[in-house]
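Read the structure below first, then the notes.
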Amino acid sequence: MDAKFSIKTTSPFFVVLCLSVLMFFTLSCFSADPDPLQDICVADLNSTIKMNGFPCKPESQVTSNDFFFSGLMTGASTANPEGFGVKRGDVTTFPALNTQGLTVARIDLAPGGIVPLHVHPRGSEANFILKGKVYFGFITTTDVLYAKVMKPGVLNIIPRGLVHFAANVGPRKAVIIAVLNSQLPGFANIPTNLFNSTPAIPNFILAKNFRVDEKIIAAIKAKFALNDSLATGTWQYI
């Protein structure tokens, strides 16, 4: 069934789709970040100046190479408890995105792999399925779940700040292109936020929230501590 829906990355459909998504998310009226006040502002990631974003590299040091990024050509490893790998094109890896209000990422999911429950506090997210079969869903603040199994060529939208997830429900690896309207949308991984924070949330607080015994909370925390040394597929944002 997947072959029927296969899409080559060089096909006109794929090109038009990507351009449409990029155009949508770079329109200032849809951007979650402030509007740029200059044509270009390639981020100076080595600057000691602290600000909301990054200072610009001097234009005399900017080259054509600054505006091209090949970091999404191959997938990240999915050898982790979630079966989830991500290669991100945000301002920290692609400094030309500074002030542009845009992040593009490639997500790889092993068979049975998941993108854990999480939120992006600073951006809305569109996801385009390149390969595989993925169950995507988000939950509103009124506890309503909107979810669907997506196949190659299908696009979805995750509203800003809402809890969402994805799971590979197909027999082979899935590949997703995610586009967010912020250069640093943030990634709050709910399971690790709750069970592997530093310092730890007291067990009695979590037990009361989940209506279980504290021993169950302790057992869950131990699972996360056991896997803490493994490189999970989460987005490492500041």
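Glycine is treated like the rest: Cβ placed from N, Cα and C.
According to TrEMBL, the Mn(2+) binding site annotation covers His118, His120, Glu125, His164.
Long-range Cβ proximity for Cys41 (disulfide bond), meaning a same-chain Cβ under 8 A and a gap of 6 or more residues, is found for Cys56, Asn98, Thr99. Feature annotation from TrEMBL assigns disulfide bond to Cys41-Cys56.
If you look up TrEMBL, you'll see 70-218 marked as domain 'Cupin type-1'.
Look at TrEMBL and you will find 1-31 tagged as signal peptide.
In this structure, of the binding-site residues His118, His120, His164, the smallest number of CB atoms within 10 A of the CB marks His118. The Cβ of Glu125 (Mn(2+) binding site) has Ile157, Ile158, His164, Ala178, Val179, Leu180, Pro185 as same-chain neighbours under 8 Å, each 6 or more residues away in sequence.
Across the domain 'Cupin type-1' (70-218), the DSSP tally of helix, strand and coil residues reads 22 helix, 57 strand, 70 coil.
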